[in-house]
Structure formats: C-alpha cells, structure tokens
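What follows is a single structure, written as structure tokens, with notes after it.
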Amino acid sequence: MGSHEILGQAARLASSGLLLQVLFRLITFVLNAFILRFLSKEIVGIVNVRVPLGVLWALFLGWVWLQLLEVPDPNVVPHYGMGVVLFGLSAVVELVGEPFWVLAQTHMFVKLKVIAESLSVILKSVLIAFLVLWLPHWGLYIFSSAQLFYTAVLVLCYVIYFKKLLGSPESIKQHNLPVSRMTDLLPNIPRSGAFVNWTEAKLTWSFFKQSFLKQILTEGERYVMTFLNVLNFGDQGVYDIVNNLGSLVARLIFQPVEESFYIFFAKVLEREKDATLQKQEDIAVTAAVLESLLKLALLVGLTITIFGFAYSQLALDIYGGAMLSSGSGPVLLRSYCFYVLLLAINGVTECFTFAAMSKEQVDRYNLTMLALSSSFLVLSYLLTRWCGSVGFIMANCFNMGIRITQSLCFIHRYYRNSPYRPLAGLYLSPVLLGAFVLSGGITAVSEVFLCCEQGWPARLAHVAVGAFCLGATLETAFLTETKLIHFLRTQLGVPRLTGKMR
C-alpha cells in the first residue's frame, strides 16, 4: 500500500472518529452538567481524584486507600471502603477486555472503539443521574456501581463484536486478523510447553516501563494530591472538574488525529533509517502532512487560549453554577487553556517522534521520561504549596514544554539533510497573529463590562462579541493559511466524514 493510500486511510480514521466523538461526548457533557448540580465538591474530589488511583493499584496497593490514607468523613462521603473495593473490581473487569481493545486498535476498528466507549460512558452518566436523584444516600456506592456497570458494558460490546466477527471466515480473511477464534484471546501455554514466552515478556516489560512513566507524567498531580494532602477534598473536586472540562477539546479533536496519524507515520516510515535513506516520495508526503498537522494544532490551540481566557468564567457558571464559577475555578480554566495549546503541539510532535524513532532512541527517551517524572512530582508539590491548585497546571506546562522541545529537536535532526522543513508549520503570518491579538483584547474588554454579573442579556452580548471575533479570526486564517485549507479539504473534508467507516 502506497503512502497516499495510507494517508487517505488515516484521514478517514481521524475524521470519522472525530465525528462520532463529538456526537457522543455532547450527550455526556449535558448529563455531567446536570449531575454536578446535585453533588458536593468533596464527593467529586474523592471519586475523580483519589479513587481512580485506587483502581490503578487495585491488585497491589488497594489496602493503602483503606488503611493508611485519610478516610473521608462518613457523613460527607458515605460507604468509602466498599466504594474502593467496587472500583478495584471494575479494574479487573476492564482488564478482561484489554486483548479485544488492542486488537481493535491495531486493525483500526474506529467505529467499534468509539461507539463502545461512548455508549458505555453515556449509560454510566444516565445511571449516575438516576441514582443521584432517587438514591442520594448511597454516597460513593453511586459512582462505584456506575463504574462497574461502565466496564461491564464496555467489555460486553467488544466481546459481542468479535464473537460475531470471528464466527465468519470471510471476515477474518478480509480484515487479516491474527486470531481465528475467541479462545485465541485467552491465556494459553505455548506449543513449546514453556509457561512464559520470554521474548514477549521482555517486550511487555518495555511497554510497562514506558506506560508507567507516562502515567506519572499524565496523572502525577493526583498522586501528589492523594499522598501529600496539598489540597482539601473540595479543592481537589474543583480542580478535577476544570481539568476534565479543559481537556474536552483535547479528547474530542486532538486524540483522534494523533492516534490516526501515528498509524500513518508508523506505516510509511522505516524506524532504523533517517530521511535521506527512505523513499523520497514517502518523505515528501510525511513532511507535508506533519507541517499541516502542526499548523492545525497551533491554530486550534491558539484559538482556545485566546478565547478561553475571556469566556472561562461564563463557561464554568453555565456548566456547574456558582460552585465552579466562584473561587479558583476561572483562574484554573484560563491557565488550562494555555496548557491545551501545549497539549496540541506535543500531541502532533510526539506522534511523529514515536513513529520514527529507533528502538535505541526510544530507550533513551524513556530515561528522559524517568527524569521528567521525578522533576514533575517535585515541581507539582512546590508550585502547589506556593500558588494553590494552579501550580499543578504550571508544572504540567513545564513538563509539556520539555517534551515539545525534545520532539522538535528530533524532527529537526531527522529532516536536517533533506530539502523538507515541516517545522515551518509552527509559523503564522503576521496578519493572522494580529487578528488573534486583536480578538483577545476585544473579548477581554467585553468580559469586564458584560460578564458575568450583569444578567443574561449582557451575557448574550458577550457571547455575540466573541462569535464575531471568532468569525473574523477564522476568516483571516482561511485567507492566509491556504496550504492548510487545501490539506483539510482534500484529506479531512466533508466527503471523508460521510464516507464508509469500518
């Protein structure tokens, strides 16, 4: 399969995944906004910050959550102990479905993945809303039982799909699957009789180390909150809500694009060769795609940063009421908007870097991630002591900046001896930069005079000002970034979205 065919496949995967993600996440967003009206900050902090870490270590360190850490007041958070046990059980159920998830991801079953995960999340949110309204005295039982229900539905969706798929020999040949029956996905003893396949065990250990380090980098603030008690349960709840709201765009837009184009880069490029030793047609295509993705990430990230600053308080007030819009909530979300810009750029640069690195380079990068993990935990603790929960976002920005710098250096070295310069995607025209700056100034002034204590007519006027500025900025981008517009039209356009999805 040529590079252009692979590019088309990756583009269809990204666009279809994006469409389905937006559809299902919108429903979940509305349900979560409704649920928040009936919860305390302490319950949210326990469920979304501390207990998920108990899931991660359910089989080894679950007793820590029950014996060594501070136990919440039973009057505020009832049924804490049993809730942790049920969350741990849900982790075991989810592990049962991991082989199916890996198989679906490897063979680009994007429709299965998005529908299974989105349907599970929606049903979980519906169950939580029902229990919060009708059985509020259940406390942590509400969320732990809903989590167990979520994992059961998720695994069941994968099992049913692959049960049907593997029952048809034609489907197995069509998708070129490495398994032919369901039992192939269960643990078994190899034909050699050895209980452990040491080649696969070493590979699994390598993946585990990288996953563990990534877990520290992405969830490190939760460990700091849990073990060092730098924030009370209420502040932890507000931080987690803002964190989930701020990362919504990253999950909806950036994640499908990153996952799809990582597959594209990995299939087109050969890991052990630099750009001069690869097929020049493939290098030209990957350079053009990388440049366009960097430009897209930069534009989306800047748009969120500029407009998010002026509309954070209004968004939090609509989403969660005074519990979020007062206090530290708006400052947290404004800071997170800048972090989203770094997330966007890092996602694109790392998806190329991990696809093009050799095994030795990946091992060296793992060592760097180990150092980053340690420094991130220390910096999170110090900055949080200094400036509260916003310190976690500052530490994340520092961590993301280092990772972006490393990836940019790798990309520069990779294309150094070729005529292609994909990092040009990080440059914007002066006219477009001026449009962003002007829009940021106008919306900031609008927030001062129209939001958020002046009533709904003033709020709607503030929204109208933002809509006008956003439209003008997008029009400027459309006129100045013609190369990116051509890429979006040809690879991620409407025909792609309505095409057949696997």
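Just so it is clear, glycine is given a Cβ too, placed from its N, Cα and C backbone atoms.
Pulled from TrEMBL:
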{"type": "TRANSMEM", "residues": "18-39", "note": "transmembrane segment"}
{"type": "TRANSMEM", "residues": "51-68", "note": "transmembrane segment"}
{"type": "TRANSMEM", "residues": "80-102", "note": "transmembrane segment"}
{"type": "TRANSMEM", "residues": "114-135", "note": "transmembrane segment"}
{"type": "TRANSMEM", "residues": "141-161", "note": "transmembrane segment"}
{"type": "TRANSMEM", "residues": "296-316", "note": "transmembrane segment"}
{"type": "TRANSMEM", "residues": "336-355", "note": "transmembrane segment"}
{"type": "TRANSMEM", "residues": "367-384", "note": "transmembrane segment"}
{"type": "TRANSMEM", "residues": "390-411", "note": "transmembrane segment"}
{"type": "TRANSMEM", "residues": "423-445", "note": "transmembrane segment"}
{"type": "TRANSMEM", "residues": "460-479", "note": "transmembrane segment"}
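In this chain, the transmembrane segment (80-102) lies out of contact with the transmembrane segment (460-479); the count of Cβ pairs under 8 Å, excluding pairs fewer than 6 apart in sequence, is fewer than 3. Counting residues 6+ beyond its ends, the transmembrane segment (141-161) has Cβ neighbours under 8 Å at 43, 47, 51, 55, 78-79, 82-87, 89-91, 93-94, 96-97, 100-101, 104, 109, 112, 115-117, 119-121, 123-124, 127-128, 131-132, 135, 182 in the same chain. The listed stretches are 80-102, 390-411, 423-445; of these, 423-445 has the most Cβ pairs under 8 Å to the transmembrane segment (296-316). Same-chain residues lying 6 or more positions outside the transmembrane segment (390-411) and placing a CB less than 8 Å from one of its CB atoms are 217, 220-221, 224, 239, 290, 328, 331-332, 335-336, 338-339, 342-343, 345-346, 349-350, 352-353, 356-357, 361, 365, 368, 372, 375-376, 379-380, 382-384, 422-423.
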